[in-house]
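*Asks:* Quick one: the structure is below, and I'll ask about it shortly.
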Amino acid sequence: MSSSGTPDLPVLLTDLKFQYTKIFINNEWHDSVSGKKFPVFNPATEEKLCEVEEGDKEDVNKAVAAARQAFQIGSPWRTMDASERGRLLYKLADLVERDRLILATMESMNGGKLFSNAYLMDLGGCLKTLRYCAGWADKIQGRTIPSDGNFFTYTRHEPVGVCGQILPWNFPLLMFLWKIAPALSCGNTVVVKPAEQTPLSALHVATLIKEAGFPPGVVNIVPGYGPTAGAAISSHMDIDKVAFTGSTEVGKLIKEAAGKSNLKRVTLELGGKSPFIVFADADLETALEVTHQALFYHQGQCCVAASRLFVEESIYDEFVRRSVERAKKYVLGNPLTPGVSQGPQIDKEQYDKILDLIESGKKEGAKLECGGGPWGNKGYFIQPTVFSNVSDEMRIAKEEIFGPVQQIMKFKSLDDVIKRANNTTYGLFAGSFTKDLDKAITVSAALQAGTVWVNCYGVVSAQCPFGGFKMSGNGREMGEYGFHEYTEVKTVTVKISQKNS
């Protein structure tokens, strides 16, 4: 343990074996009904790591049936004390902590994450998420209501039922636990589809779920592709709720499928094009580093990425110059290699999309300050890229890039920058840097975003609700608000002979 309280990095695993590659239903491993498998790759080397069973509609049907059986009235899960649900989540956290090195190595090999970030940040967040949600299990309470007349009225917060959960590839394990932990804390059962690019860590945790003692059918995991397994979850008539993290385009399809099937409840955490405003009175040194990390963390593959950086005119030129200097310090390479500070993009599709957007920035007149192309001869690496003189109409200023591409735009006045910051279909996150408290509060109230950070960015914790405005999604995850998404409120009124105050 370091003096700061963070764990020291362990010796890397050199012989990691991927043991768990099947479909997990009823606490057992299954082959896919179709017999199909799909390959899983290391994006840093383009080498195949293993093959995973490819679930589709028939496998989803089996998983939903298991989840429904586990949710029946009188089942071990439904009759379990809420405090016992919490104990199981605490136990799962302990097991994840035991296997922290294995899981962090998987996230790095399969997801292209820097090992240090996977071990310290992602796995650290996983443990905090599980323990936070475990503590809530016996604190999800209803109320008594003083209704008129001789009646006794109270509310119950009941679990929604069978929840379908569709995961992204950028934070595979953290998003898996963000989804299942609040759902299980509230007493739901789940059917989870990991992203096809990054299914391995969720499948490993499936074994820990069984080891922790969760009853069969409570957690089911069906790896597969979005148009097959994901679509089957979204349209399934016996799934009561679906939660999805991913692109806005897919989020629309999921909401449409939910509406056309059984009007299942939907929680969506979608894309963003988040503005970050740096005023001339900001602490420049800190603002430079924070705005840099706000974009380049995990190769820019974060929904929170501050991908529209607005800098006040009087400090613009210096800010651009120093931002370029910072971007040029990166060391690209295999994310398991000590000293490497930038890994690969997740796959060829994302790699090509990012390079296309970089080319559009060049063609539309933005000034390329550094980077602007691929790196190396294998793996999906892209040079850290900075554009200046970016106008609001350019594609790189409007579209979510999801890559290591920073756009720095100039502004003159407070009213102007607020209007420009809000001129987007997205509304996920926003930030500002200023020493002026009045300005900070004014901007925070005016920005149309689910989270606004002041003099910091990307500060995410289990205690805080997370979600977006506009086309960045519906509902909230984590914090007390996140549990509301996994309960139904029932009003119970009982006739009594006499009511007394």
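Every residue, even glycine, has its Cβ placed from backbone N, Cα and C.
According to Swiss-Prot:
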- E269: active site, proton acceptor (ACT_SITE)
- C303: active site, nucleophile (ACT_SITE)
- 167-170, 193-196, 226-227, 246-247, 269-271, 349-353, 400-402: NAD(+) binding site (BINDING)
- 336-501: region 'Mediates interaction with PRMT3' (REGION)
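In the displayed structure, how are the listed features positioned relative to their neighbours?
*Replies:* Every protein chain considered, the tally of other Cβ atoms within 10 Å of the Cβ of E269 (active site, proton acceptor) stands at 26. Secondary structure at E269 (active site, proton acceptor), as computed by DSSP, is strand.
Annotation for C303 (active site, nucleophile): spatial neighbours P168, N170, T245, E269, L270, G271, G272, L428, F429, criterion Cβ-Cβ under 8 Å with sequence separation of six or more.
Mapped onto three states, the DSSP output places D352 (NAD(+) binding site) in helix.
For the region 'Mediates interaction with PRMT3' (336-501), the predicted model reports an average pLDDT of 98.
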